[in-house]
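As recorded in Swiss-Prot:
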| type | residues | note |
| --- | --- | --- |
| TRANSMEM | 9-29 | transmembrane segment |
| TRANSMEM | 40-60 | transmembrane segment |
| TRANSMEM | 125-145 | transmembrane segment |
| TRANSMEM | 147-167 | transmembrane segment |
| TRANSMEM | 184-204 | transmembrane segment |
| TRANSMEM | 219-239 | transmembrane segment |
| TRANSMEM | 258-278 | transmembrane segment |
| TRANSMEM | 280-300 | transmembrane segment |
| TRANSMEM | 396-416 | transmembrane segment |
| TRANSMEM | 425-445 | transmembrane segment |
| TRANSMEM | 607-627 | transmembrane segment |
| TRANSMEM | 723-743 | transmembrane segment |
Amino acid sequence: MEHTYQYAWIIPFVPLPVPMLIGVGLLLFPTATKNLRRVWAFHSVLLLSIVMIFSIDLSIQQINSSSIYQYVWSWVINNDFSLELGYLIDPLTSIMLILITTVGIMVLIYSDSYMSHDQGYLRFFAYMSFFSTSMLGLVTSSNLIQIYIFWELVGMCSYLLIGFWFTRPLAANACQKAFVTNRIGDLGLLLGILGFYWITGSFEFRDLFQIVTNLIYNNEVNLVFLTICAVLLFAGAVAKSAQFPLHVWLPDAMEGPTPISALIHAATMVAAGIFLVARLLPLFIVIPYILNLISFIGIITLLLGATLALAQKDIKRSLAYSTMSQLGYMMLALGMGSYRSALFHLITHAYPKALLFLGSGSVIHSMETVVGYSPDKSQNMVLMGGLTKHVPITKTAFFLGTLSLCGIPPLACFWSKDEILNDSWLYSPIFAIIACSTAGLTAFYMFRIYLLTFEGHLNVHFQNYSGKKNISFYSISLWGKGGLKTVNKNFCLLTLLTTNNESASFFSNKTYRIDENIRKMTRPFMTITHFGNKNTYSYPYESDNTMLLPLLVLVLFTLFVGAIGIPFNQEGMDLDILSKWLSPSINLLHQDLNNSMDWYEFVKDAIFSVSIAYFGIVIASFLYKPVYSSLQNLDLINSFVKTGPNRIFWDKIINVIYDWSYNRGYIDAFYATSLTGGIRGLAELTNFFDRRVIDGITNGVGVMSFFVGEGIRYLGGGRISSYLFLYLSYVSIFLLIYYFLNL
């Protein structure tokens, strides 16, 4: 075992040769390097697979031995200061290593096909491999300085990947927004690290925990300053994990390629913030009010993310807000001190979310064959629908990922989310009510995404429908955007609500019109042969096997990964692998490791949480599933939506909710007005002060000198006798004044 741990330092550097060799190859041998691009993709997958095997071996040893291994090299700079570099292998590290490598391999395999026709194929794989290196270095770091170095590298890689298609203004703006927003958190992280070094004199985690605990116990430290430093550390996690109020970069990050979205949202960048809080949890526990702040930020984020996902039209942005909400659950669990629940949800959420993003990429890929390369159209759920018969494998995988995120047993997220909900009742009933309500919202918006994407008819082909048997009824939608329409009985309600009629659209105040030449569009930034004018398709088609294989593997993880945390410890049967895995870290937190639960208590709690999820699913199915065809012989819809004052009032309320959700809670607009506008106003004021005051003084002195010189030049005639006469005259005047003043 010791022999294996000794070589763990190599883990972050295994994927590093790929970006280095690609960079050197493109610089020295560009043609040959581009011709061998599939070879570089193979090596990217191969090297990350080696890291995965190594990580699995380390994890097995962690489970069997319940030990923590740390190795440190000391770099002595002088007698007063030495910098220690090393690596730390504990349960948290091994969990993150497996998440990063397994999800990363699936994304790399998927990307080989998804990015195959992109001119930046090699650049993409270089960025991805360096991203993996940065994240692996982050999770194996043994001190705060190493964490900060790799933290910044992760931020740099995310900037490059979000702005991968930098020629698109939206992508360029999105990567800048992510970069600037994360700089705010990174500044807090740096100040917090320096503050704790000033207090403790060490960057090492163990020294930090012990010294701070002793200082607080002996009342030898200023608690206010200590709390401020802890809040600054937490600010770094808030920005990186897209927690309120620094969450605004996450939806815009969807401008990058879809495989990047899967990697960022499942196992890398957003998980880094959760990892940091989990790593520093022994420190946060002993500092007053920090856990309360963490849980408060978590509960706000999970509710805000769920509500903002309700009205999004872009499939990737909807999933982005879903990620934000689920990260809020993890942060809430950490704030409650539920270390096991938070990491359990981190594991179970990673695979379904990667599955959903890769599934959405498959949907987008198939839609581009119809609408061309236009993210506004290929990612717009208004134009989708009826994809079940066109992409059946993608549909099945996406459906299972949706069920998992909704918390339906026995899929992965059910086990972890149910555990967080149970812990929340013990922590705060108010927080528990919000968390349970958000679970219902999660089921609602996830099934909304699924139904709009796969059920009904392909809306991009729908123009107008006319039939023989028509009836009039008031079209309903969640957002009260309906009107009196003529509808054929044999046509679905959902298709009707997305038509280009005079009344408002199902999703916005303005009708979404489809260009007549939409199928003749080509990619402005990619060259894909079957997307040209010669080979167009009337309907989407299923992705190739290279893209489907990762989906199927992630389906297996989604089905079975929750089994590692099943809390049934009966006589002669110990199924709780996760608690055994996390026992060293839980012992460090001085928490009770006994997590057993009898069947009756578990089933009772599970029925409640699953009932909430099913309630959200039923509401989503009623509003979004094309049920009208099955109710065509009943007049339920017309009787349900009678017009009147109550209906009008309800529509107004729903419109307000819709506008608030669709406009991201007006938070981006507030930041643009207050922060961006304020900084711009300050810049204009500074420019005015610089040009009018500073430059005015400098230029004024020059102008005054010029006029004084000119005046003197005209007074002087060039005769010395005149100068002497003026000099004596002035001296005489001053003498007379002095004489009269002294009388």
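Every residue, even glycine, has its Cβ placed from backbone N, Cα and C.
It should be emphasised that the depicted structure is a prediction, and the values quoted were computed from it without experimental measurement.
When Cβ-Cβ distances under 8 Å to the transmembrane segment (396-416) are tallied for each of 40-60, 125-145, 147-167, 607-627, the top count falls to 607-627. The stretch from 125-145, 147-167, 607-627 with the most CB pairs below 8 A to the transmembrane segment (40-60) is 125-145. Counting same-chain residues at least six beyond the ends of the transmembrane segment (258-278), those with a Cβ under 8 angstroms from any Cβ of the stretch are 92, 96, 99-100, 102-104, 107, 110-111, 114-115, 128, 131-132, 135, 138-139, 147, 151, 154-155, 158, 161-162, 164, 233-234, 236-243, 250, 284, 294, 316, 319-320, 323, 327, 330-331, 334, 339, 342-343, 346, 349-351, 353-354, 357-358, 360-361, 364.
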